[in-house]
Structures are given as C-alpha cells and as structure tokens.
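> Below: one structure in structure tokens.
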Amino acid sequence: MTDGPGMTSRLNDGRDPVPFEEWDRPRGEWLLSGECRRPGDRSLLLEMTTRAVFPTVLVFSLYLLLVGHYGPGGGFSAGLVAGLAFVLRYIAGGNADFGAVVSPRAPVVIGSGLAVALVTGLVPAAFGAPVLSTTKLAADVPLFGPVELQTSLFLDVGVYLLIVGVVLDLLRALGDGIERDMDDAGEAL
Amino acid sequence: MITINVVMALTVGVLYGVGFTLLLSRSLMRVLIGVVVLGHGTNLLLQLAGGPPGRPPIVGTAPPESFADPLPQALALTAIVITFALTTFLLALGYRAFVLVGHDEVQDDVEDRRIARQKVPSAPLESGDGSDDAEQDLERADDEVEAEAARGRDRS
Amino acid sequence: MTTVLTLPVLLPMLGAAVTVVGSRSAALQRVVGIVVLTAVAVLAAVLLVAADERGPVVAELGGWAAPVGIALVADRLSALLLLVSTLVTLAVLVYAIDQRIADYGRGTASTTFHPMYLMLCAGVSLAYLTGDLFTLFVAFELMLTASYVLITRRTGASRIPAGMTYVTVSLLSSLLFLTAIALVYAATGTVNLADLAERIGTLPGGVQSVLGLMLLVVFGIKAAIVPLHFWLPDSYPNAPGPVAALFAGLLTKVSFYALLRTETLLFSRDKPWTLLLVLAVATMLVGALGALVQNDLNRLLSFLLVSHIGFMLFGLAVFDAAALSGAALYAAHHITVLATLFLVSGLITRRTGTVSLDEMGGLARSSPGLAVLFAIPAMTLAGIPPTAGFVAKLALLQAGAAAGLGPQVVAGVVILASLLTLYALVRVWVRVFWGKPRPPRPDEDPTDEVLVGTARTSMPMYAATAGLVAVSLAIAVFAGPLTVLTGRAGVDLIDRTPYVDAVLGAQEGR
C-alpha cells in the first residue's frame, strides 16, 4: 500500500504520536484554532479567561454602541472596547488564533464603516434636510412596546466598524507583522 | 476672559516643557513620547479653556448655570482621537525605520552636512562636478565622498 | 446649494471608503478616483459661479446655526482655490495612475495609495470650505495624516529619515495649532471664524497680538515661511514624483490660504504689516539663493517653492484689497505651476535615471516634447510675459508700488527674486536640455520609488502634465476676468462683512 494524500496528511497533522516534550501541551482547543507558533509560550489561565471574557466584552461593546445617544458610550468608545477584546484574543492566542478568529480583511471593515457613516450623513439631503442632520424614528414593535431610534445611531455604527477595523489593522501590522519579521530574522520574541 | 487655577497652569506648563524637551531628541521613540505628553498638555489646556468644572451638561439633570462648557470637551475628544491615530502611525514608522535603517534617529540636515564637509570654506559654489558630487548620495561614508571629490577635482 | 457645498468634502471621503473596500480591484480604484475628482471639480466650478453672483454660500451641518454648529462657507477666494486645486489633483492622479501601471503592471491594486490620495483631497476641500477654526484643524490633520502615509509608503532605507523629519515637524505645528485654538477659545468662547471676527476686536491688544502671532507661527511652519521652512527641502524631494507634485502644489498653499483667511478675517489692519514684509523678503531671498546652489533637481524646485511662498506673503503683508487680490491670483497660479514642474521633474528623472543635474544632458534633442513641457511652466514661474506668472506678479507689484515706501522696497526684492528664479531655471535648462546627450543610468535600487523604472514613461503621463500646462496657460488667457474676480475677492477679504453676514445671518435667510 502506498501513501495516499489522505495518509500523509493524517501522519503530518502532528497529533499522534505526541512528542515527549509536548506531553503536557493542552489538547483541548480553548481558542478557535487551538494552535500557536510556540506551544511553550501558551498560558492556560489566559486562554481560559479570554475564552470567557471575549464574547462578554463584545456584547458590552454593542451595549455601549446602542446606549451612546442617551448615556456614556457611542461609536468610538464602543469600537475601542471591541478592539480591546481582539487585542486580548491576540495576546492569548497569538497570530495563528488571531488569523482564525478574524476572517474579514481589516481594510474592508474600515471602508464599510466609513461608507456607512458618510451615507448616513448624506441621506438627509435626499429628504431636503441639511446634510448630517438627524431625526428620531419611533415605532411600536410588538413584544417590546414603543421603540425610539435616533438616526445618528447609524453614524455611530459606521464609527464603530471603522474603529474595530483600525484596531484589527494595527494588530495585523504592528503585532502580527512584527512577530513575523522577527521570526524571519531568527530572533526570539 | 477666564482665569484658571495655578496648579493647572503649572501642570500644563510642565507637560509642555517635558513634551518639547522630548521632541528635541533624535530618537523617534522619544519624539513619540514627546508628542503624547505634549498632546496631553494641549488637551488639558483645551479643557481649562472651557472654564471651571461643573455638572454634566445634560438638560434636566442640573440648573443650566452650573453646567460645564461641553464644547472644549468635544474638541478635546476629537484631538485625543487624532493624537491616538498619529501615535500609532509614529509607532509603525519608528519600527519601520528600525527594521530598514537599524536605528530610528532623525537624520542630519543635508545642507549642514554639505557645509561641514567642505574643506575650503571659500570654495566657489559652481566648482564643477567634483564638489557637487558629494550631495548625490548622502548615505555614503564621508571619506568615500571626499575621495570622489578629489577625483572630480583631478578631472577638471 | 447647501448640499452642493458639502459634497466636495464628502464625495472624496466616500470615494476613499469605496477604494478601501474594493482594494483588490485596481480598475475600480482608478475609475472611482477619477470620477470623484472630476465631480468635485464640476461642483467647485458651480460654487465659484454661485459665490461670485450671490455672495458667499453657507451650509450649516446638521442644521445647527452658525456660532454653535459647524458652518461650511464658499466665498470667491475659497471656491477659486478649490477649483484650481481639484484640477491639479485630478491631473496628478492621472499621472500617478499611469506611473503605477508602468511600474507595477495594470492589475496591481493598493490598499493605501488611492484611499489616502482621496482622503488628502477631502482634507484640502474641507480646509478651503470650513468656516470654523477647529474644523480647520481637523481638515489639516486629515490632509497631513494622508500625506504622512503617502510620503512614507514604499520608501527604502535612504528615504525614511526624510519622512520622519516631515512627520515630526508637521506634528509639532499641529499641536501648536491646537494650543492656539485653546487660547482663542479661552479668550473669546467661540471657534467660529465669523463670530471670532466680531469678538477678537474687543480683546486687549496684547492678547490679540499673541493669538495672531501663534496662528502665524502655526501656518508659517506648514506653509514653509523662512525661518520655518527648513523641513521642506529635506522631505519633498524624497517623495515619489506624483506625490511630490501633489504636496508642492497643494499643502503649502492650503496653509497659506488658512493664514490669509485667519489673518484677514480675525485681525484687521489698516496699514502694511511690517513683520510679514520682513518675512516675505527673507523667504523670497533664502529660497531663491538656496535654489541656485542645488544640484538635485527636486531640491532645487523645493527651494523655488519656498521662494515663491514669499511672493504670496508679500501680498498678504501689504494688506489692502489690491494686494490680497494679487496674492489670491498668485496662489492659484502657484498651485498649478509648481505641481507641473514637479511632474516634469518626475518625467525627467524617469528618463535619465538620476536626479543630479550633473549627470543629465541633451534632453532637448532626445525628447523635445519634454523640453516644451519644462519650458512653459519654467517661464511661468519666472514671470516672463505673457504667462500667468507675469500677470500675477504684475498685480502684486502694482499693489505694492501704491502702498508706501516699505512695500515699494519689497517690490524691488520681488523683482530680484524673480530674476534669481529665472537664473536658477536657466541653469536647469542648460544642464538638462542642452549639452551632450547621455544614456539613461540603470536603476540602482528598484525599490526606490523616486527613480524606479528608468526610462519607463508613457503617453498619459505626458498628457496629464500637458493638461496642467494648459491650465496654467488658461490662467494667462483668462487673466482679465480672473483678475476682476480676485479683485472682488480681495475687496471681500478687507471688508469682512459679506463673509460674517453670510455665516451669522444664515439662520434668518433660510
């Protein structure tokens, strides 16, 4: 029997047999990709904390985004909070995990955020109002009762996306990029 | 006109002093820290420009005369965002300089180097291609450039 | 009309957003860039006509009335400069697109170049149109941040220190600007320019002087006024051809516009401003003399750029309607001619493979078209009749001659600086276009964008340059109507009431 392609990949995926030096390496995939450049650098505590905190922080950032018109919050701070969640993820999981969890390209996020904000600014002109003016939309949603919506929320959504995109781009350029450069140069981090 | 308290005035003064001192250094990392400190000083000044502290300026929560001026806060927020963006840019630039050049120091002024390099202070400005060759590639070592200049003088 | 006023700012930003999202499609980026800038040029022309016929056009963002909200204002001066600037950015974009095709092939998209270019255009538009000191700061930051990226992207090891100098100096001036805004707000409680025009006059003289001088220093750094010019000849020559042309054409002139706007609107004077006259003399002479000893073509042009900032300063320093009109005309002419010269310099360096004048020669024979493209803007910059430069200089000289002894002396310096400019450019001509033709030098460092791709030039690059030459010729041909237009702009600048009334009275007019 010859080694088929399937055979090779099963042998090469590095799971069995476990090398002696890595017998205590965590098997469970606490973060999405479950792998990192230097297994010795992993911290189980940080990974587990991140796993618990990451979605919570994202939800909290959405709360800040929505509440921004009436209380402390808004697109910028919400975007930064969400960005911090990604920073935590990057610190815990390294760039391999980061690449797995963040699939959209940062420029696309930045561009669409900017576009959303600008279109929000331009839409009032179509109704004869000054550019960038806002209005309150009220509706009776069945289960929720009366819901009020400031149109400036869409501007905030744009800013939110923009900031998240910028943080992702920063992590890619300054975090991931520098790490790759250092690996290329053969330096230890 | 608004009067500000002395402690705040001193704080702003110290922040400006530290910021400008750091800006004068050669390493881009120090310049970066200088920009950040100077940015803090400027934002504090913007805040102080709005007058004494007061209640949050939200209608209905306090009498209007006790409100803090919201405009400088909005200006300072915008300035903070801009400083944040530029800080990250400077970080990236400093890193790039470090990777490409090996250090992140601001270069000498080109004219200064040319003047420093001139052996004879009264050398004519249009002395042919010899002395002008020196400026083509300022990254070359000085002795190399001088050797070339000597060659140029021999030619002419 | 109020919506039209916001579009020159919002359209390039939207274009930037689209080019970022579509950063994998080079064709999309090119089309969006050219379409957006063409649209902005048309809008600027519409605004110019409207502002000339019916007085300043005002838009209040979000419907908030002027002293509280942010107002955009287009009067004759800002609309004229916006139109000229947009024509320049359009031509430079065509040139840049074609250079990118020549260097990297047709399919190469970039995530930074097009978005940053359009963001810079948005910043320039906002700087011209804003009626608010703080928004002016934001506009400058938008413009400068984009320029930081453009000047440092794809740079090799030898050019990155130059970018660092540029960024550091610009950051310093921005922080000083913010400080000045804080002081202005502390003194008056407003940042709206029209509102400030009314309130600053009531302040004590000393406070007025401090604020005026701070703004002079801030815009003096950004506009490269001697002795604050040192960063410019170190940084611009290190940018790739089209980027250098864009910077040379726009950035210093936008700063000069901001200086002109703030000093005329906020601090009215009734006699020439001696300090600025001295600075104008220093700027003209230091720039022109610096240009004489340069061997690097781009550095030489950078010094000439500095020198001619002095001409505009002279117009502002004389401080009467005729001189301000001359300064406005000179700014419009200067934007086109400097951008053209830097584009031509880009073409020359790409043909010869060097920026050193000593290593060039005989281009008049090998590429006569290039010689013509250089000769026309060179004569325009030197101010030889009947070019646009002559018309603008004549307007400045006439205004200076009528304004008393000090300005008359400086007018003499203007003529001297023009002759020095002519000498510097003739020196370029003799060294580059006459003499023995030399073979192009091979490209030593293919990553270095200033010299990349020796001898690779293409037809649209010449066409874009020729288009700018045509704009500059058009300024000469339509000198009559343009002089009348800038004359009215100058009267408005001295009078101040049309601007203030349009901004502060807008809420009743609607």
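Glycine residues also receive a Cβ, built from the backbone N, Cα and C atoms like all the rest.
According to TrEMBL, the protein carries these features:
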DOMAIN    C:131-414  domain 'NADH:quinone oxidoreductase/Mrp antiporter transmembrane'
TRANSMEM  C:32-50  transmembrane segment
TRANSMEM  C:80-97  transmembrane segment
TRANSMEM  C:109-128  transmembrane segment
TRANSMEM  C:134-151  transmembrane segment
TRANSMEM  C:163-187  transmembrane segment
TRANSMEM  C:207-231  transmembrane segment
TRANSMEM  C:243-260  transmembrane segment
TRANSMEM  C:272-293  transmembrane segment
TRANSMEM  C:300-319  transmembrane segment
TRANSMEM  C:331-349  transmembrane segment
TRANSMEM  C:370-397  transmembrane segment
TRANSMEM  C:461-482  transmembrane segment
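Show me how these features fit into the shown structure, please.
Beyond the ends of the transmembrane segment (C:32-50), by six or more residues, the same chain brings 1, 4-5, 7-8, 11-12, 14-15, 18-19, 22, 57, 74, 76, 79-80, 82-83, 86-87, 89-90, 93-94, 97, 114, 117-118, 121, 125 to within a C-beta distance below 8 angstroms of the stretch.
Residues of the same chain lying 6 or more positions beyond the ends of the transmembrane segment (C:80-97) and with a Cβ under 8 Å from any Cβ of it are 8, 30, 33-34, 37-38, 40-41, 44-45, 47-48, 74, 113, 117, 120-121, 124-125, 128-129, 241-243, 245-246, 249-250, 253-254, 257, 328, 331-332, 335-336, 339, 343, 346, 460-461, 463-465, 467-468, 471, 485-486, 489.
Proximity of distant same-chain residues to the transmembrane segment (C:163-187), defined by a Cβ-Cβ separation under 8 Å and at least 6 residues beyond the stretch ends, is recorded for 133-134, 137, 140-141, 144, 147-148, 151-152, 155, 196, 200, 203, 207, 210-211, 214-215, 217-218, 221-222, 231, 234-235, 238.
Remote same-chain partners of the transmembrane segment (C:243-260), defined as residues 6 or more beyond its termini with a Cβ less than 8 Å from a stretch Cβ, comprise 77-78, 81, 85, 88-89, 92, 95-96, 117, 120, 124, 127-128, 136, 140, 143-144, 147, 150-151, 215-216, 219-220, 222-224, 232, 236-237, 298, 301-302, 305, 309, 312-313, 316, 324, 327-328, 331, 334-336, 338-343, 345-346, 493.
Residues of the same chain lying 6 or more positions beyond the ends of the transmembrane segment (C:370-397) and with a Cβ under 8 Å from any Cβ of it are 304, 308, 311, 314-315, 322-323, 325-327, 329-330, 332-334, 336-338, 340-341, 344, 347-348, 351, 363-364, 411, 414-415, 418, 421-422, 425, 428-429, 432-433, 462, 465-466, 468-469, 472-473, 475-476, 479, 483, 486.
Here the transmembrane segment (C:461-482) has long-range neighbours at 84, 87-88, 91-92, 94-95, 98-99, 102, 329, 332-333, 336-337, 339-340, 343-344, 347, 369-370, 373, 376-377, 380, 386-388, 390-391, meaning same-chain residues at least 6 beyond its ends whose C-beta is under 8 angstroms from one of its own.
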> Considering only Cβ pairs under 8 Å, which range in C:134-151, C:272-293, C:331-349 makes the most contacts with the transmembrane segment (C:109-128)?
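By Cβ pairs under 8 Å, C:134-151 leads among C:134-151, C:272-293, C:331-349.
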> For the transmembrane segment (C:207-231), give me same-chain residues lying six or more residues beyond its boundaries with a C-beta closer than 8 angstroms to one of its C-beta atoms, as numbers and ranges.
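Distal contacts: 140, 165-166, 169-170, 172-173, 176-177, 179-180, 183-184, 187, 200-201, 251-253, 255-256, 258-259, 262-263, 266-267, 276, 279, 282-283, 286-287, 305-306, 309-310, 313.
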